[in-house]
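Here is what TrEMBL records for this protein:
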- E55: active site, proton donor (ACT_SITE)
- N42, V43, E44, N45, A46, S47, Y48: substrate binding site (BINDING)
- C53, C87, C90: Zn(2+) binding site (BINDING)
- 1-128: domain 'CMP/dCMP-type deaminase' (DOMAIN)
Amino acid sequence: MAVTELVSKCLQARDLAYCPYSRFPVGAALLTADGAIVTGCNVENASYGLTVCAERTAVQRAVAEGHRQFTAIAVTCDIKDRFVGPCGACRQVLMEFGSNWTVYLTKPDGTYIETTLHELLPLPFSPEHLAKN
Ligand SMILES: O=c1ccn([C@H]2C[C@H](O)[C@@H](CO)O2)c(=O)[nH]1
């Protein structure tokens with residue numbers, strides 16, 4: 001799988017964002033261990049608090065479609081002059097499915113930088129801690 005494909009899918013997903021309150025569209029594209037791409041966008045709500053981020057929409061959709069192993073995620077928003085990372089809640093939700101994710105922070109023009117979930121969420125709380133008790 002070319003990174004450019006994952007990046008282009010997250011840009012397409014961002015264009016589907018439902019964000020009438022913030023007007024801040026976000027797109028995410030997950031790469032599964034077997035090579036499938038599952039996308040998500042943020043879905044806001046009039047209650048504000050029930051808004052779901054793009055990354056979590058993608059994870060929930062992927063799990064509901066039978067995927068539990070992931071290798072990478074590309075995320076994007078509308079900010080042109082810097083690379084923007086996932087919010088803390090989304091980092092935690094990604095961590096549920098392993099720390100070994102490559103994360104591509106993507107600008108609207110498709111340029112990206114590569115980091116890892118481990119780098120974005122050091123010293124995490126993760127399922128393995130529960131397993132030790
Ligand atoms: O990592 C993030 C951070 C924010 N948002 C969404 C939530 C809300 O709809 C909008 C503004 O916070 O961006 C995401 O989708 N992912």
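Glycine too: its Cβ is placed from the backbone N, Cα and C atoms.
Predicted automatically and left uncurated, TrEMBL annotations should be read as such.
Among the binding-site residues C53, C87, C90, the ones whose Cα sits within 10 Å of the Cα of E44 (substrate binding site) are C53. Counting every protein chain shown, the number of other Cβ atoms lying within 10 Å of the Cβ of C53 (Zn(2+) binding site) is 21. Shown for the domain 'CMP/dCMP-type deaminase' (1-128): DSSP residue counts in helix, strand and coil, namely 37 helix, 31 strand, 60 coil. Separation of the C-alpha atoms of V43 (substrate binding site) and C53 (Zn(2+) binding site): 7 Å, rounded to the nearest whole number.
A gap of 6 Å separates the Cα atoms of the residue listed as 'active site, proton donor' and C90 (Zn(2+) binding site).
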